[in-house]
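Inspection log for the structure reproduced underneath, given as structure tokens.
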Amino acid sequence: MISSQKSMAALASFSLLRNYSTTGRIVSSVRTSAYPSSINFLTPNPSRRYLCRASATHDEQAAAKAAAIDADNGAPTIFDKIISKEIPSTIVYEDDKVLAFKDVNPQAPVHVLVIPKFRDGLTQLGKAEQRHGEILGQLLYASRIVAEKEGILEGFRVVINSGPSACQSVYHLHLHVLGGRQMQWPPG
């Protein structure tokens, strides 16, 4: 019963967020809660107001599922726009095949994304083929260079999210280089 209630609450939170983002009229009151990174939403129906909590986790999962729908359509990603310098970024390392830049939403004191300059069908690690072996090695080596440049060579983590269940939100293979604080285990 409790699991069913949690599922219903999660579905309601996602529905409220989705509806609000498309119409802007669903939520009449928003308050912060005692839970970090969560928001309480009250529905506008004056006779019955339902409280739903939407956490960053649900939002991340929804974004990942939405991004997966258009994953392999070949359209330029935000990373393609960063590579072409249409979108500014703080570049940490660049060579002819790899670009590394600071994440705009850092999850650690050092959080750098390392991407291949040419996707070549490599939208996620789960789609890697033998022909991608060289670029995969270059991405890992570039991660080591980034760690050295950022002063975290003594301890850092490299994370690759692959697919919607791993909350991948940009379908252009990318590695997260994280450090500058104690990394906990297990992650996620």
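Along the chain as shown, the residues are counted starting at 1.
Positions of Cβ are set from backbone N, Cα and C atoms, glycine also.
Positions annotated as domain 'HIT' by TrEMBL: 78-188. Summarised by DSSP class, the composition of the domain 'HIT' (78-188) is 32 helix, 25 strand, 54 coil.
Annotation comment: TrEMBL describes 172-176 as motif 'Histidine triad motif'. The average pLDDT the prediction assigns to the motif 'Histidine triad motif' (172-176) is 97.
Annotation comment: TrEMBL describes HIS174 as active site, tele-AMP-histidine intermediate.
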Cβ atoms near HIS174 (active site, tele-AMP-histidine intermediate) (within 10 Å, other residues, all chains): 23
